[in-house]
Structures are given as C-alpha cells and as structure tokens.
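Input: a single structure, listed below in structure tokens.
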Amino acid sequence: MNPIVINRLQRKLGYTFQQQELLLQALTHRSASSKHNERLEFLGDSILSFVIANELYRRFPRVDEGDMSRMRATLVRGNTLAEMAREFDLGECLRLGPGELKSGGFRRESILADTVEALIGGIFLDSDIHTIERLILAWYHSRLEEISPGDKQKDPKTRLQEYLQGRHLPLPSYLVVQVRGEAHDQEFTIHCQVSGLNEPVIGTGSSRRKAEQAAAEQALKQLELE
C-alpha cells in the first residue's frame with residue numbers, strides 16, 4: 001500500500017501505529033485476504049460503545065438511561081461512522097478484493113463504518129485503553145458538543161411513525177427490492193412508501209433493519225423534519 005496514503009491517514013487519525021501490520025489488517029476487508037479486519041471490528045465496536053457510554057454518563061448526570069441509550073445509538077450508528085470515515089478519507093486506504101473494488105465497495109457505508117471500528121480495535125491493541133479513549137473523544141468532539149437528550153435521538157423509523165400517526169396518516173411501508181453480496185457481507189436496498197411523498201424513498205444497509213432506518217431517515221429529510 002502507498003506509504004504516502006498510509007502516513008496521511010495516520011496524521012488524520014492523530015495516531016501512528018507501532019505495529020504497522022495491525023493498521024494493514026484493520027484496513028483489510030474479508031474479500032481481500034483471509035487475514036481481514038472482522039475480529040478487530042468486533043473489538044472496536046465494544047470499545048467505542050464503552051467510551052461513548054462513559055462520556056455521556058459523565059456529561060449528562062441527570063439524564064435517564066433511555067435518553068442516554070438513544071444518544072449513544074445516534075453517535076455509534078453506521079452512518080455516523082461512515083461520515084467519520086469520509087472525514088479521514090478512509091475510502092482511498094481500504095484493501096478490497098476485485099469484486100468489491102468493481103462494485104464501489106470503497107464508497108459503501110457499511111464497509112467504511114466497519115473499518116472505523118476495526119481501526120479502533122487495532123489502535124487499542126497497539127497502545128492501551130487510555131490512548132484510544134482520548135482519540136475517540138477527539139474524533140467525536142463536535143458531535144458530543146452538539147448532541148442533547150430528547151425526541152431527536154429516537155431512531156428514524158420511530159420518528160417517522162410518530163409523525164404520521166400524529167397526523168392520522170397511514171404508516172410507511174418498507175419493501176426489500178434488492179439484496180447484493182454473499183451471506184456474510186450483504187447489502188440490502190429498501191423502498192419506503194410514505195404518505196405525502198410522491199416517490200418511494202430508497203435506503204441501503206448491511207441488514208434489512210439498517211436499510212429501513214436509512215430509508216426512514218431519507219423520508220424525514222424529504223419531509224423537512226431533519
């Protein structure tokens with residue numbers, strides 16, 4: 001891999017790996033090698049959830065568990081992680097197999113999000129919990145400053161349903177129109193039909209649930225509720 005690209009990524013992350021093989025593994029999708037990033041992703045997912053939960057607990061001493069859970073879900077969900085990946089220009093660093101390269105896997109939100117979690121796992125193994133906690137909080141600084149408890153933190157499907165129910169309109173319908181990829185790495189495409197919108201709204205995700213949430217979020221934007 002191009003060392004210039006790797007060094008640029010490490011500068012954006014604010015961390016230089018001592019064990020460069022951990023960085024390369026974190027950037028490797030299972031389509032490219034048997035030594036891929038899924039175990040690191042598993043580890044990073046748990047670390048991210050802990051760090052964000054701990055920070056929310058510290059910042060919001062009077063907020064109940066339900067609101068904190070919703071805020072955490074907003075901060076660690078796939079599209080937030082994919083946004084962060086794009087801020088790091090992570091797409092140009094991914095190691096993908098020929099099929100994923102051809103299908104534009106370097107742009108796919110699920111792959112970008114998973115790679116951020118794998119990087120978190122890799123940095124933890126390369127350093128310690130205090131280092132990765134400091135980095136995560138730095139990456140999330142603006143998002144943590146902006147987030148607040150309340151209805152805004154409900155997931156998109158819930159907010160869309162409550163909006164329609166409040167106006168006595170039919171509930172949205174979700175239809176799977178395409179499933180791509182192998183069983184371990186699928187991408188679902190959903191059409192969501194919503195009263196008040198002329199065309200179905202499209203959402204994609206690595207599971208049906210995530211695709212439905214993505215479609216609901218697009219519907220909320222079209223209804224100008226986002």
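Placement of Cβ uses the backbone N, Cα and C atoms for every residue, glycine included.
Swiss-Prot lists ASP114, GLU117 as binding Mg(2+), and of GLU38, GLU41, GLU187, GLU199 the one it places in that same site is GLU41. In sequence order, ASN37, GLU38, LEU40, PHE42, GLY44, ASP45, ALA113, THR115, VAL116, ALA118, GLY121 are the same-chain residues whose CB sits within 8 A of the CB centroid of GLU41, ASP114, GLU117, the residues recorded for Mg(2+) being left out.
Across the residues of the domain 'DRBM' (155-225), the predicted structure has a mean pLDDT of 90. Cα-Cα distance from GLU117 (active site) to GLU41 (Mg(2+) binding site): 5 Å (rounded to the nearest whole number). In the shown protein chains, 19 other C-beta atoms lie within 10 A of the C-beta of ASP45 (active site). Minimal Cβ crowding within 10 Å, among the recorded positions GLU41, ASP114, GLU117, is found at GLU41.
Distance noted between the C-alpha atoms of ASP45 (active site) and ASP114 (Mg(2+) binding site) is 8 Å.
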